[in-house]
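Going by TrEMBL, these are the annotated features:
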{"type": "TRANSMEM", "residues": "B:27-45", "note": "transmembrane segment"}
{"type": "TRANSMEM", "residues": "B:66-88", "note": "transmembrane segment"}
{"type": "TRANSMEM", "residues": "B:94-113", "note": "transmembrane segment"}
{"type": "TRANSMEM", "residues": "B:139-164", "note": "transmembrane segment"}
{"type": "TRANSMEM", "residues": "B:170-189", "note": "transmembrane segment"}
{"type": "TRANSMEM", "residues": "B:201-221", "note": "transmembrane segment"}
{"type": "TRANSMEM", "residues": "B:253-275", "note": "transmembrane segment"}
{"type": "TRANSMEM", "residues": "B:287-312", "note": "transmembrane segment"}
{"type": "TRANSMEM", "residues": "B:339-368", "note": "transmembrane segment"}
{"type": "TRANSMEM", "residues": "B:389-408", "note": "transmembrane segment"}
{"type": "TRANSMEM", "residues": "B:445-464", "note": "transmembrane segment"}
{"type": "TRANSMEM", "residues": "B:484-502", "note": "transmembrane segment"}
Amino acid sequence: MHHPNKTAHAVIESPEFKRLVSKRWSVSLLLTITILVIYIGFLLVVAFDKELLATKIGSYLPLALPIGFGIIVTAWLLTGIYVFWANNTYDTEVQEIKNKINAN
Amino acid sequence: MLTSSLLLQASALPAASTLGTANPVSIIMFFLFVLITLYITYWAAKKTKTGSEFYAAGRNISGFQNGLALAGDYMSAASFLGIAGMVATKGYDGLIYSIGFLVGWPLIMFLIAEPLRNLGKYTFADVVAYRLQQRPIRIVSSVGSLLTIAFYLIAQMVGAGGLIKTLFGLQYELAVVVVGCVMTAYVLFGGMLATTWVQIIKAVLLLSGATVLVILSLATFNFSPANLFQSVADKYGEAMLSPGGFITNPFDALSLGLALMLGTAGLPHILMRFYTVPDAKAARKSVFVATGFIGYFYILTFFIGFSAMVLVGKPIIEGIDKGGNMAALLLAEQTGGTAFLGFIAAVAFATILAVVAGLTLSGASSISHDLYVHVFQKGVSNEKGEMKVAKRATVALGILSIVLGLVFKGQNVAFMVGLAFSIAASANFPALLMSIIWKKFTTQGAVWSIATGATLSLVLIVLSPTIWVDILQNSEAIFPLKNPALVSMSAAFLTGIVVSLVNPEPEAAEKFESEKLRTYLGIGAE
C-alpha cells in the first residue's frame, strides 16, 4: 500500500527526526524541571523554614521580597529562553526536515 | 503614635464613603466600555460565519495580540482585587498565591503550547481524541471542561454581583443580569473575534489602570519602594514582609501549588486561545507575551496591596470587606480621588465581563464541537447545524450563568475557584499531557484518568477543611488537605497509566506516528 503513512513512518524513523524530538524534550524537560525545582523549593522553604525568608538583607528588607519577585521574573525569562531556542534552533531543523520531505 | 494613626484613620474615613454610591465617572466609563465592545461585536459579527471564525477568530490573531488576550482571560477580578486584598490584609502571603498562578505559564510553554496548536482544531479534546476513539473521549473531556467552566463561572458571577453592589450601589440581582446579558451578546454575535478584542481592551485598561495606581501610590513614598516597605514594617510589623501563617503543612503547600500551577495548563478557555493564532511560532510568542504581562501585573498588585495597607489602613479595608477585596479601590480613591476610583471600578467591572465571555465561549464550543458533532452526529460535521448548536449553547450558558449567579448569592467563592483549578489540574491536564507524549496511551486510559481526576477533586474538596469544616461546620475534616490536587492529580496520572498498560490499544499506538509528525513538524495543522 502506498499511502502517506508510509512516508510518515519513514520520516519518524529517520535519524534527523529522532534527534529533533529528543532535543526538543531535553530542552523542555530541563526547563520544566528548573521551574518545578524553583517553585516547589520555594514552597518547601515557606513551609519548613520561614525564618530563612525573614532574614534581613540591608536594614529592614527581608529576603522573601527579592526572592518572590525573582521567581516571577525568572519564570518569564525561562519562557523567553525557550522561545529563543525554538525560533532559532528548532524551527530551522523543522524546516530542513520539511524541505527533505517535499524534495522526495 | 496612637493619635497619629487615629488621625490617619479619621482623614481616610470620609474618602471611603463614596464606595457603594453611584459614581458618575465609573458609570460613564463602564457604559463607554460596553458601547465600544458592543460596536466591536457588531463589526466581528459580520466576519463570524464559519466554525473556524466563531471558535478561533479565523486563526488570524497575531502572537502579540493573543498574548494580551491570554493575559486578559487570566487576570480576573479575583486576582486583581483578591490578591491586592490578600496582600493588604495578610501581607507577604498574598504573593505566594500570585507566584503559583504565574508559574503555570512556563509549563504551558514547555509542555503543551506547540503540540496543542499543531494537533487541535477548536477544543483541547481535539488533541486528546486525536488517535483515540472519538465518542468516549469527547464525552468525558467535555464533562471535565464543563465542570471546570461551571465552577469558574459561578465564582465570577457571584463575585461580579457582590463587587458591583459595593461599587455602584446597584442591586446584586440587576448586576448579575447585566453581566450575563452583555457577555452573551459578545459571544453570540461576535464569537472568538469579538471575545478576543474584549480581552485585549480589558487587558490594556487593567494594566494601565494598575500602573497608574502604583505610580500615584509610590509618589507618596517619594517613588521609593524601600520607603513603602519601611512604612509597612513600621506600622504593622516586619512579619508582614515575609511568609506568615498561610502555609503550615508542607503537603497542603505542595497540593495548592500543584493545583495553581498545573490547573492553568488545564483551563479550557485558556487552551482554546491557542487555536486563534496561525501557527506554533505565534502560539509560543503568545505565551511569552502573556507570561510577561501577567508577571508584571502580579508585581503591581503586590505594590497595590502594601500601599493600601499603609495609606488606607488595615482597619478601614477590613471594615468594608473582611477579605480585603476593596483594598485596591480604596487605594484608588485615596490617591487619585473619586474620578480615579470610578475609573478603576469600571475596569474591574469590565474585567468580569471579559472573563465570563471567554468562559462561555469555551463552554459553548465544548457543547457544540465535542458533544454535538462528535457524539450525536458521529463526527459528521455540518457547519450550519454546528453553528446553530453553538449559538443555542451560548444563550443557554448565558441564562445558566445568570441563574447560578442568583442561586449562589452570598456564597464564599474562593473554594469554587480552588475547585475549578483542581479539576482542571486533575481531569484535563493529565489526559492532555499523556495523549501528547505517550505512545501507549489508550482510550480506556484517558476515560478513566479524566473520570478519576474529576470525581476525586469533587469528593475530596467536600471532605476537605474548606467545605467540611468552614462551610458545613464539622469540627474535623475527613480529608486533611485544603486542596485535593496532590492526591487527585497523582491518581489521575496513575489510573491513566495502569489502565493503558493493562489493556493496550494497538490501533492508537499505530496512529501515534502520524500524530507525532504533526506534533513536531506542524504538518497538516489547521
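Heads up, residue numbers simply count up from 1 along the chain you see.
Yeah, the Cβs are placed from backbone N, Cα and C, and that goes for glycine too.
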(request) Return yes if the transmembrane segment (B:94-113) and the transmembrane segment (B:253-275) have at least 3 CB pairs under 8 Å (sequence gap of 6 or more), otherwise no. (result) yes
(message) How about long-range neighbours of the transmembrane segment (B:484-502): same chain, 6 or more residues beyond its ends, C-beta under 8 Å?
(response) 251, 254-256, 258-259, 262-263, 421-422, 425-427, 429-431, 434, 438, 440-442, 444-446, 448-450, 452-453, 456-457, 460-461, 464
(request) Could you tell me whether the transmembrane segment (B:66-88) and the transmembrane segment (B:287-312) have 3+ CB pairs under 8 A, leaving out pairs under 6 positions apart? (result) yes
(request) Answer yes if the transmembrane segment (B:170-189) and the transmembrane segment (B:66-88) have at least three CB pairs under 8 Å among residue pairs 6 or more apart in sequence, and no otherwise. (result) no
(request) Determine which residues of the chain contact the transmembrane segment (B:389-408) at the Cβ level, with the cut-off under 8 Å and only residues 6 or more beyond its ends counted. (result) 51, 54-55, 150, 153-154, 157-158, 160-161, 173, 176-177, 179-181, 183-184, 187-188, 356, 360-361, 363-365, 367-369, 372
